[in-house]
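Contents: one structure, followed by commentary.
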Amino acid sequence: MENMDDTSGSSFEDMGELHQRLREEEVDADAAAAEEEDGEFLGMKGFKGQLSRQVADQMWQAGKRQASRAFSLYANIDILRPYFDVEPAQVRSRLLESMIPIKMVNFPQKIAGELYGPLMLVFTLVAILLHGMKTSDTIIREGTLMGTAIGTCFGYWLGVSSFIYFLAYLCNAQITMLQMLALLGYGLFGHCIVLFVTYNIHLHALFYVFWLLVGGLSTLRMVAVLVSRTVGPTQRLLLCGTLAALHMLFLLYLHFAYHKVVEGILDTLEGPDIPPMQRVPRDVPAALPAARLSAIVLNATAKAVAVTLQSH
Amino acid sequence: MAKAAESSGDPGTTSPRPLMRDLKAVGKKFMHVLYPRKSNTLLRDWDLWGPLILCVTLALMLQRSSIDSEKDGGPQFAEVFVIVWFGAVTITLNSKLLGGNISFFQSLCVLGYCILPLTVAMLVCRLVLLAEPGPINFMVRLFVVVVMFAWSIVASTAFLADSQPPNRKALAIYPVFLFYFVISWMILTFTPQ
């Protein structure tokens, strides 16, 4: 039955070994043909030279074999090819399904083991984060913001997947690393939608509604899949509670605290431009960079306090 | 190859002859990018000079004057460089994994050459920023960048789409869209000080 089919795709090592074995057979066949020709050419005269040459050859072959095995195992992109074997219609349907929780928890639900969709969703999230930070007349250090965006998104996808996989290992859940990566990757689709909408329409109430609805739906989908693959109430609670908390809190973080981090970077850059009357008087020499930094931070806080006092 | 054989057999000539030939080849490819038709020129004899020139120009123009910033502009150059080249490498790997029959360097060549419209947009934005800032200034820059962004995507699609299996073109073009979107964002949000 469809739902029982969990072992989609062999592991990296198996595929690497297969490739290496096929290539070795080819190389051996070629080498054997070359050696035969050599022997016929030299006859009896080149016997000693042939022996030493054969020893050297064998050592060279052994070393080359080891090096090329290591290389083909880790640098062969053909290993990843089966995980990118998708059609646009499949990607579209998987995107839509990632928002629809399925209530069947007695049978392990099927997870598509592909990496194209999740990878594109992570890159899309990076692009949306960058788009949300556009300001027109402030100094921006694009490099730092870009590095932060890429680091945050990839760090979340890879780090939380690994952590939940580790927890699943502890809780005896039936899920492989690839499936976890794919599940969490497609779960980022909800995040992309929420952030795209709320970065363009700046209403806090709207964000909370979207956070609960859209974020909640994609979290429920992932939770249902994990529940169907775990046995035992404690394990289910631990695994799904952790995933739900991390997923929902990440969306909250991206909307609020990420903006604060960005504004912190912008404020630190704007520091010297604050007019003198807003500075809190401190009698520390201006040459000390540490004191200046704390003065700038205090100015940002003072500015924020002044703004809130003014608005009341 | 043909170029090396021609130039090495004549010790008397200095380098201008192969240099002019290379420059002419680069210029011809620039024309192909500006007026994209379905042709094989970029793919058949690829070279990475054009992408290098464009990337360096873009990275130099995206620096700001370092009078009042702590860093001296060095990291910004490196960051733009790294983003352009690693983005191109990622897209190339993605299209190869999807089953495309384009070679690694051909794809890098096409993606690099198709940054030309965005470099032109950067030049125009730089000129527009010499006027006084304001919403009209921003709208003009936004319009220019959006038009050039669309031009880049059309140009790269014209060259890359044929190398993919026909039903997966959208999957290969989407990361190209994201890549040029990020570069356009860098250009649009640039303000010298």
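Just so it is clear, glycine is given a Cβ too, placed from its N, Cα and C backbone atoms.
Per TrEMBL, compositional bias 'Polar residues' is recorded for A:1-11.
The feature region 'Disordered' is assigned by TrEMBL to A:1-37.
TrEMBL lists A:25-37 with the feature compositional bias 'Acidic residues'.
The transmembrane segment annotation in TrEMBL covers A:115-133 (among others).
According to TrEMBL, the feature transmembrane segment maps to A:145-168 (among others).
Residues of the same chain lying 6 or more positions beyond the ends of the transmembrane segment (A:180-199) and with a Cβ under 8 Å from any Cβ of it are 94-95, 98-99, 111-115, 117-119, 121-122, 124-125, 128-129, 131-132, 153, 157-158, 160-161, 164-165, 168, 206-207, 210-211, 214-215, 217-219, 221-222, 225, 247, 250-251, 254-255. The transmembrane segment feature in TrEMBL is assigned to A:180-199 (among others).
Annotation comment: TrEMBL describes A:205-225 (among others) as transmembrane segment.
The feature transmembrane segment is assigned by TrEMBL to A:237-258 (among others).
Proximity of distant same-chain residues to the transmembrane segment (A:205-225), defined by a Cβ-Cβ separation under 8 Å and at least 6 residues beyond the stretch ends, is recorded for 97-105, 109, 111, 183-184, 187, 189-191, 193-194, 197-198, 240, 243-244, 247-248, 251-252, 255. Distant neighbours of the transmembrane segment (A:115-133): 80, 83-84, 86, 91, 94-95, 140, 145-146, 149-150, 152-154, 157, 178, 181-182, 184-186, 188-189, 191-192, 195-196, 199, 254, 258-259, 262; these residues of the same chain sit at least 6 beyond its ends, with a Cβ under 8 Å from one of its Cβ atoms. Proximity of distant same-chain residues to the transmembrane segment (A:145-168), defined by a Cβ-Cβ separation under 8 Å and at least 6 residues beyond the stretch ends, is recorded for 118, 122-123, 125-126, 129-130, 133, 175, 177, 180-181, 184-185, 188, 226, 230, 238-239, 242-243, 246-247, 250, 254, 258, 261-262, 265.
Beyond the ends of the transmembrane segment (A:237-258), by six or more residues, the same chain brings 129, 152, 156, 160, 163-164, 167-168, 171, 173, 184, 187, 190-191, 194-195, 198, 207, 211, 215-216, 218-219, 222-223, 226-227, 230 to within a C-beta distance below 8 angstroms of the stretch.
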